[in-house]
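As written in TrEMBL, here are the features:
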DOMAIN    3-118  domain 'CUB'
DISULFID  CYS3-CYS30  disulfide bond
DOMAIN    120-216  domain 'LCCL'
DOMAIN    223-380  domain 'F5/8 type C'
TRANSMEM  443-468  transmembrane segment
Amino acid sequence: DGCGHTMLGPESGTLASINYPRTSPNSTVCEWEIRVKPGQRVQLKFGDFDIDDSDSCHSSYLRVHNGIGPNRTEIGKYCGFGFQMDGLITSKSNEVTVQFMSGIHTSGRGFLAAYSTTDKSDLITCLDNASHFSEPEFNKYCPAGCVIPFADISGTIPHGYRDSSSLCMAGVHAGVVSNTQGGQINVVISKGIPYYESSLANNVTSKVGPLSTSLFTFKTSGCYGTLGMESGVIPDSHITSSSILEWPNQTGQVNIWKPENARLKRIGPPWAAFISDEHQWLQIDLNKEKKITGIITTGSTLAEHYYYVSAYRILYSDDAQKWTVYREPGMGKDKIFQGNTELYQEVRNNFIPPIIARFFRINPLKWHQKIAMKVELLGCQFSIGRAPKITLPPPPQNKNDKKNADFVDDFIHSIKTSLQTDKTTFTPEIKNTTVTPSVTKDVALAAVLVPVLVMVFTTLILILVCAWHWRNRRKKTEGTYDLPYWDRAGWWKGMKQFFPTKSAEHEETPVRYSSSEISHLRPREVPTMLQTESAEYAQPLVGGIVGTLHQRSTFKPEEGKEASYADLDPYSSPIQEVYHAYAEPLPVTGPEYATPIIMDMSSHPSTPLGAPSISTFKAAGNQAPPLVGTCNKLLSRTDSASSAQALYDIPKGQPGPGSADQLVYQVPQSVAHPTVSKDE
């Protein structure tokens, strides 16, 4: 009568004294006989040990034996408060006897221990939690029987579990290991979260938990995706049932709770059976064989109809004719799954190992008021590896190839024999996962293609936007008064005339005026020679050689007929108040556009005294701006033959004003400009 929580599995298990973790009663005894597969040995690990040692292990103790029965031999006898057992107790055979004796005592929790075969070197007990380990990721082996009433867990998948939770009990809740079989877990530690949710899964209820510094999740590979009840991948025609509930409401309208209503999270009524007994079922056709790793159920989800299924069995088939009831490995009875405890909460149960089948059937065994439920199946695709393609040697061509024919027959026979030997396909080991993978290959392909297509279209759009922006920016840089790109070569050619150069190869040289070369020209001939060549706009008037003074005008002629100074009478042409688009008029008052350059023709030897000086810029004063096509606004003369000496400074680098051959003119030195006579 001293046996407490006990689960003896084929490879591992858990055992505890009665009333653990409270004080065990006086004068009790319990004996456990543990057997594993022949050829293996047993190892025992204590999670907690607290037995009264007041009489030196005489009446209260724990004793471990090699073997079972009268021929067993003692390995050790243990007692003590808070006794720390270093290492593992290992047997010499595949059988072990554990005996607990409780005498007269007033305190002591008793013990809790776990066992496994010796090949599980990383065995832990059901009491170990994540805070006992410092590694950020580690692998441990959980024994069977870790769903214990005196251990707590907080959290759920995929968010994680609080670090104070039992590792093995959380592994059962997550569906990573089976409570009846135990198994390997891969734990990952990460930063904690402020709140841990409560949920019911695999007959384990996790509690709401507060903030913690760290949490843990399980790193696994396998399949844990939904199979199409909620999403509609499974069509309505593939969901059938034993019966359908039909009943009229208060208005006389008939309500039909059809099997296709049994889709998880769908708004509306669920599926409900017309008769509530143990012979009802809900059947789902998956269209082909799938790996089914779990199921999620809810009740009616309608507050006015408090219906739900609290326990059920699972059956599966490949042809919907012969059905197999799900059982856990090593168990001789059908597994009864815990269902819902109320109509709203989602309850999950996992299948370890998974079910491989096309047809899936739920058989309710217990319910509240009526059989009503909504479900979703968890799992993934299942594919069997195909046999390799057989390539036969060519057939014999003549009688001499009889040996080859015999070889071919032997080869075919050996292939057939090997295929018959390997006919049975064993279920691969599949681990559950806390991360939902893709349900189908098509979904996985779409998950890859959609991001790629989005990136391609985004790149094309960006290229088009950048091209449009560059085009607009280029148009803005070419303003109304800017030169087109095909005229910029000519513009640069004209600008080079302002730079000093002595190259003999260049066709243009700086302008050097002398009175001897210009004095023979009459005033009316000067503007005629200035307009001999076709005008290009915004070109300087000072370029060219004096002998051929055929340079460009600073103003554009009117559109249509090409105008020149020779076509107009510069002295009788009326003044037209027309402003051309290419030259902005000078303001009435304000600064001048350029410093005037005055050409002195009075100092030329052959020119009579009093010859006029010529200016190409606006005269001083508040006169009207120059107009296109008129000379009387462009030309000006000085009042006397000595105006050159009065207006201009002595040239740089020259001996004096007498050297007229290389006379280069400077900017006037603070001398008022002569006014233009309107009579001329």
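Each residue, glycine too, has its Cβ placed from N, Cα and C.
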Fewest-neighbour residue among disulfide-bonded residues, criterion Cβ within 10 Å, set CYS3, CYS30
CYS3
Within the domain 'CUB' (3-118), residues counted as helix, strand or coil by DSSP:
0 helix, 61 strand, 55 coil
For the domain 'LCCL' (120-216), jot down how many residues DSSP puts in helix, in strand and in coil.
11 helix, 38 strand, 48 coil
